[in-house]
Amino acid sequence: MSALTIPAARRTLNNAPIIDAANGKTPTRTPVWFMRQAGRSLPEYKKVREGISMLDSCFMPELLAEITLQPVRRHDVDAAILFSDIVVPLRAAGVGVEIVAGRGPVLDAPVRSRGDVLNLPILEGNVPEVEQGIGIILDELSDSQALIGFAGAPFTLASYLVEGGPSKNHEKTKAMMHGDPETWHALMARLVPTIVNSLKSQIDAGIDAVQLFDSWAGFLTERDYTEFVLPYSTEILEEVGKYQLPRIHFGVGTGELLGAMSKAGSEVMGVDWRVPLDKAAERIAAVSGPKVLQGNLDPALLFAGRAPLTKEIERIKAEAQTAVDAGHATGHIFNLGHGVLPNTVAEDITEAVSIIHS
C-alpha cells in the first residue's frame, strides 16, 4: 500500500455530524449512533432474519444491507454501522466457526499450539459479499449519514480462537500469553493481515469510518495489554490510517486501559459507561493528547423512562463539554457504553436519539 490511499469508491459527505465530529470540527447537531443498533431490538430485524443463521446473513448482500439500514430509517441516527460480526473475517478466511444461539462464536478447532497457529488460514483478499452489501447501503444513505465499518481487534479474536468460544475468565488465553509467549505473539501477528484485509475490503467498497472493537480487552491488566496486545492493534490502525478516514477504538470494561489503548492510534476513543467522560478524557489526554470521545450511556438506561433518560443524556453531554473546555478532548460522538440490549423497546431508542439531538 502507498503512504496515503484514497479509494475511488469514497463518496463526498456534506454536513455529516459523525464525520465532522470525528475530524474535530463542530457538527450541525450532537452526532449519535448506537452499537448494536441493527439487531434484535427491532421487530423488522427479527422478521427478515427469520430462519437464517447469523453468520449466513452477514454474507448475503441484500439482507446485510437491509439490516444495516433499518435503524437509520427508524431512529434517525447519524450513522449506519455495517451489519456483521467480529468473526466474519475468520469465516471468510476459511476458519471453521459458527455463532451458536445463546452462546456466541464457537470454533470447530481451537488454536492451542504453534502448529495450530501456522495452520490458521489468513484472509488474503477482499470479501465480495460484504462489498456488494456496502454498495447497496451507500445507494440509500444521504450524504450526511455516515457508514461505519468495523472489525474485531486481534486480542478478542485470539481469545475466541484459543478458548474455542466465549469465556468468562479467559484462562486458556492468559495461560498461552504468559506460559507460551512465542506462540501467543505468533497468533497475534497471524491475525493482523486478516483483520487489515477485512477492513481494507470495507474501505475499498466506500465506508466512511472504521471502528476496532476489543470486546474482551477489559479482562487484561495494563501491563499485559501493553506487552501482548498493543503492538498488534497499533499495526492495524496504522494500516487503516493510510486511507485517511476516521478511526474509532473501543473496548468493554477498559476504563483503566484508556491511556494504553489511546497509544494504538485513533482519532476517536470509545468509552464504556463505567467511567465519566471527563475523567476518561483526562486519562487519554495525559498519554496521547486530546482525542474525540465516543460514548457513554449505560444501555440499561434505555429502560428507565424519559425523565431519568433525559437527565443521564444531559449529564453525559455536559461531561463531554467539560472535557472539551478543559482541552482534554476535541469533540464528542454520543453512543452507548456498550451495545443495545436485545429486549430494548425500539420506540425508546428513537426517543433517546430525539433527546440527544434536541
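Just so it is clear, glycine is given a Cβ too, placed from its N, Cα and C backbone atoms.
The structure displayed is predicted, hence computed values, not measured ones.
Over in Swiss-Prot, the protein carries these features:
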type	residues	note
BINDING	R36, Q37, A38, G39, R40, D85, Y160, S215, H338	substrate binding site
SITE	D85	site 'Transition state stabilizer'
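Taking the Cα atom of each, H338 (substrate binding site) and D85 (site 'Transition state stabilizer') are about 15 angstrom apart. The CA atom of R40 (substrate binding site) is located 14 Å away from the CA atom of D85 (site 'Transition state stabilizer'). According to its DSSP assignment, R36 (substrate binding site) is coil. If you draw a 10 Å sphere around the CB of Y160 (substrate binding site), it holds 27 other CB atoms from the protein chains shown.
Ranking the binding-site residues R36, R40 by how many Cβ atoms sit within 10 Å of each one's Cβ puts R36 at the top.
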